[in-house]
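Heads up, the thing below is written out as structure tokens.
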Amino acid sequence: MDYIQEYVKPVDPEVAEAIEKEEARQNNKLELIASENFVSRAVMAAQGSVMTNKYAEGLPGARYYGGCEYVDIVEELARDRVKEIFGAEHANVQPHSGAQANTAVYFAALQPGQTIMGMNLNHGGHLTHGSKVNISGKYFNIVDYGVNRDTERIDYEELREIALKARPQMIVAGASAYPRILDFKKFREIADEAGALLFVDMAHIAGLVAAGLHPSPVPYADFVSSTTHKTLRGPRGGFILCRQEWANKIDKAVFPGIQGGPLMHVIAAKAVCFKEALTPEFKAYQQDIVNNAAILAKALMEQGLRVVSGGTDNHLMLVDVRPKGLNGRDAEAILESINITVNKNAIPFDPEKPTVTSGIRVGTPAVTSRALKGDDMRELARAITLVLDKHDSEEVKEEARRIVKALCDKYPLYT
């Protein structure tokens, strides 16, 4: 990128070199990490703008600093657009991350020591849904639910039984590694029966929800959180949607509760991202993500890999690599050696340690942003299975690298 050469390199050549190498890495490798994506140039430019210079504690029209008239415009645009996308009553776009958005929801609605029921991390949940190493697991009493051993899908009757026994104050629906549709209507019914609030973390599926390709949680949930940088294809950040009755508590939980000044350059980029998400092109892009995931999952299964739950309904899949005599850690390293990036990931009822795992998580948002489709995904599956089958063969690795290079050359980034 020319501006790195022009502005950064003369001042800090070490940082400039690292940025240039990262740009080359993104260009020359195929990104299959489900939580990563490539923003548009418009989003990137907004995030790199003079908005980074402005402090703006508070909310539009009620700041603790002067000179906020233009950052107010940007934040209002971001709030209005995200409410339009999801049909929400209230939005707060200030959370710096999905984790901070989730923490704000907990502290807006609960008292320390109350009970949260969330999806088990080892079954596809997220750290912020009650893991003992996270603040959510330290401040609150956690009860978890998971997937059925046979179907590897959420068993809603079992979930109901756990909820009625535990009587949590809040049920969290959402996941970081669950490839199937979430039934928010059932979650709502269970929450009502158990006397619990319903909080949905839609970080992974927000883009699909925006495009109407996954049921929306907004009509059912008391609170909805998300990141902006996964399927939404925006900057790294978070937001919260809620019913109007919770608006004041949510806003106060974000500021001054867990954050100080908002990152106005990031909020500007969020506003641009939300405008892009309102276009027909964005909906077509989300359909391509889902189609690509289905094609890739089918191709991997046809070539001897086991995909958890037998496929995917969304943008990601969990691949059990044990049929190839591998663990997730080794599979991740092998694929990295041919310029495909994935992450090792636990599969349900995984006998391996979290640092080893039996599977890998594979997602299609980033490769879809590069415009890969159909036969490209089948070629990608061929490269993956070639090298996992014969990972000790340098000849096979070279063949797989040629497949990856051809796809990268065909679909360059930021041309």
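Note that Cβ sites are derived from N, Cα and C of the backbone, with glycine treated the same way.
What Swiss-Prot records for this protein:
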BINDING   LEU121, GLY125, HIS126, LEU127  (6S)-5,6,7,8-tetrahydrofolate binding site
MOD_RES   LYS230  N6-(pyridoxal phosphate)lysine
SITE      HIS229  site 'Plays an important role in substrate specificity'
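Annotated features taken from Swiss-Prot, shown on the structure.
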| residue | record | CB count, 10 Å |
| --- | --- | --- |
| LEU121 | (6S)-5,6,7,8-tetrahydrofolate binding site | 24 |
| GLY125 | (6S)-5,6,7,8-tetrahydrofolate binding site | 23 |
| HIS126 | (6S)-5,6,7,8-tetrahydrofolate binding site | 24 |
| LEU127 | (6S)-5,6,7,8-tetrahydrofolate binding site | 16 |
| HIS229 | site 'Plays an important role in substrate specificity' | 25 |
| LYS230 | N6-(pyridoxal phosphate)lysine | 28 |
Other than LEU121, GLY125, HIS126, LEU127, which residues of the same chain sit close to (6S)-5,6,7,8-tetrahydrofolate? List them in sequence order, counting a residue when its Cβ is within 8 Å of the Cβ centroid of the site.
GLY118, MET119, ASN120, THR128, HIS129, GLY130, SER131, ASN134, ALA175, SER176
Do me a favour and check the Cα-Cα span between LYS230 (N6-(pyridoxal phosphate)lysine) and HIS126 ((6S)-5,6,7,8-tetrahydrofolate binding site); whole Å is fine.
15
May I ask for the distance between HIS126 ((6S)-5,6,7,8-tetrahydrofolate binding site) and HIS229 (site 'Plays an important role in substrate specificity'), taken between their Cα atoms and rounded to an integer number of Å?
16
Distance between GLY125 ((6S)-5,6,7,8-tetrahydrofolate binding site) and HIS229 (site 'Plays an important role in substrate specificity') at the Cα atoms, whole Å?
18
What's the CA to CA span in angstrom from LEU127 ((6S)-5,6,7,8-tetrahydrofolate binding site) over to HIS229 (site 'Plays an important role in substrate specificity')?
18
Using DSSP with the three-state reduction, classify HIS229 (site 'Plays an important role in substrate specificity') as helix, strand or coil.
coil
